[in-house]
Amino acid sequence: MQTKRTIFHNRWLPYLLLAPQLAITVIFFLWPAAQAVRQSFLREDAFGLKTEFVGLGNYLRLFSDPSYLNAFQVTAVFAVSVAALSMGLALLLAVAVDRVLRANQSYTTLLVWPYAVAPAVAGVLWWFLFNPTIGILPYALEQLGYDWNHNLDGTDAMILVVIAASWKQISYNFLFFVAGLQAIPQSLREAAAIDGAGPVERFFTVVFPLLSPTTFFLLVINVTYTMFETFAVIDAATEGGPSQATNILVYKVYRDGFVSLNLGSSAAQSVILMFIVIALTFVQFRWIERRVQY
Amino acid sequence: MARIDLDSVRKIYPGGVEAVKGVDLPIEDGGFVVLVGPSGCGKSTLLRMIAGLETISDGEIRIGGRRVNDAEPADRDIAMVFQNYALYPHMSVRQNLSYGLRNRRMARDEIARRVEETARILEIDAFLDRRPKALSGGQRQRVAMGRAIVREPAAFLFDEPLSNLDAKLRVQMRGEIKQLQRRLGTTSVYVTHDQLEAMTLADTLVVLNGGRIEQAGRPLDLYRHPDTTFVASFLGSPAMNLLSARVSGGDLRVGSLPLAARLPVPDGPVTAGLRPEAFRLLPDSTSGAFRLDYVEELGSTRLLHGHLEGQRLVCQMGIEHPLADRMTLDLDPEALHVFDAERGRRLDTAWQRAQIRSLA
């Protein structure tokens, strides 16, 4: 990419121009992060009357806490399920659009709408649809002989939040997949057709391998999304229950810190999450920004 | 190997645009047919219809006597070389070559044998394990050819395969394609917009214009005996001079200048065609009808650009000929082509036919 280079003659002007951005970063990101790191080494009582330095105590307790390890496991299941479901469906839709309606704008626009829905609204929407008492889907499932109740059944609850979180993300993935598919030269598919590959074979041997940069990019984005941005979906649909079945890491940070007022533990958990984000960001810069180009 | 027959083939796109308007073309087994024409003449569409990449709206295409209108591209026993090569970027050269064979479930040792042999013929064995990205334009071109050859198909289809190469490489690859086709004897259909490529490669040259065959035949026949002003101006570089002229009583005049006499052509306005290399200009500072505007030096020859009776005229001559501001035409009347002024069709005459026969 070509970068525009500007030369400033005034020594302070560049700093002045950068100041608003830097101020926002410092006040809203660096400062709270530093606070979290500091807090994670302290133990405080619920009323904030007594503070005690405990070193790595909060961290050590976390890793011997079964409910925290459970949250890790729940998060992994949740992240993998959402990524698989939302990317799989998005790819399916993108291929359909690419095959039938090359660059049909209106259809594409319609599919993008869910992305504009707030996560909390998405959570409530699916909560209603799946509500065991008034929802339409449990009624339909009951006709098929399945007794749906995400308030009691952990698996049902997980399925509910996975669907709610995926639904929102499909449109985003879809856009990237469509763009990726349109970037594959038509002549490659034609060459493969002449080379005797059927539509399915063509997809798996030519199209999908060429989509791999897009797929990898989306995988990282989706994992990041499910780990952090699905807080509202969980909060609106299940509140982490039943019995911790949908209590993902980021939701546990909130519960332990702001509901149970165990600030030290909550801070330690956010520091761990911070390291996960840093790792994901590193992966993204290291492999994706240096995009695979053919 | 097989012959290909096109019977009143038409292509009508949804929306009513008729890209190919009824083409009849028999292609002999082992023949090298070049489809040439300006962009939008339907040559690529025609090729893609043979390949099965475009549906056939009307008419029939047969490969080896078998109707293939509804056959999948894979079942037509053809191989195609694309303009942008269309190499699979995520596969090595070896995988690119073997992809079509693997899809056809060929035995592994047979695939290996064919890939090795093809690589040897095209001299690409040194980089069989490289990705296309790591190859130069010429090497990619060879791999694209290799992917066609390795299949040993009934016919090769070439879609402007040399247009992405630089001029020098293009001339070299042109020669190699010609040699390779002779050696393998595979029926080939080649699409290009470059008349020089078309002239040099073709056994049979087909000039297309507006979805119709303008003229088909051996390249030299088309060059010497163009049926229409379109073919006349399309083949040859620099292009044939086409002058507005008038015939009265068998005498052909451009403006007031008589060019030929006793032509067996009815009276009226005509278009007179003169190849730039088919006449000479002699200095004549007093009565020369040709006014020299400027000269282009080509090394062994030079192009004289000027006016004759207010019409542009180009002459190609050896550099030993003297130049002057005013010159007269030294013209063999047999080098003159006469076309209908309105429709551009050749006003065919017995003396011209006789001339063609004697040249052939």
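Our numbering is plain: 1 for the first residue shown, then up by one each step along the chain.
Each residue, glycine too, has its Cβ placed from N, Cα and C.
Positions annotated as transmembrane segment by TrEMBL: A:12-34, A:71-97, A:109-129, A:157-181, A:202-221, A:267-288. Annotation comment: TrEMBL describes A:72-284 as domain 'ABC transmembrane type-1'.
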Going through A:12-34, A:109-129, A:157-181, A:202-221 one by one, which has the most CB pairs that fall under 8 Å from the transmembrane segment (A:71-97)?
-> A:157-181
Using a Cβ-Cβ cut-off of under 8 Å, list the residues of the same chain that are 6+ residues beyond the ends of the transmembrane segment (A:202-221) and lie near it.
-> 83, 87, 90-91, 95, 172-173, 176-177, 179-181, 184, 188-189, 192-193, 280, 283-284, 287-288, 291-292, 294
Non-local residues, at least 6 beyond the ends, that sit with Cβ under 8 Å of the transmembrane segment (A:267-288) = 33, 35-40, 42, 58-59, 62, 68, 213, 216-217, 220, 223-224, 227-228, 249-250, 252-253, 256-257
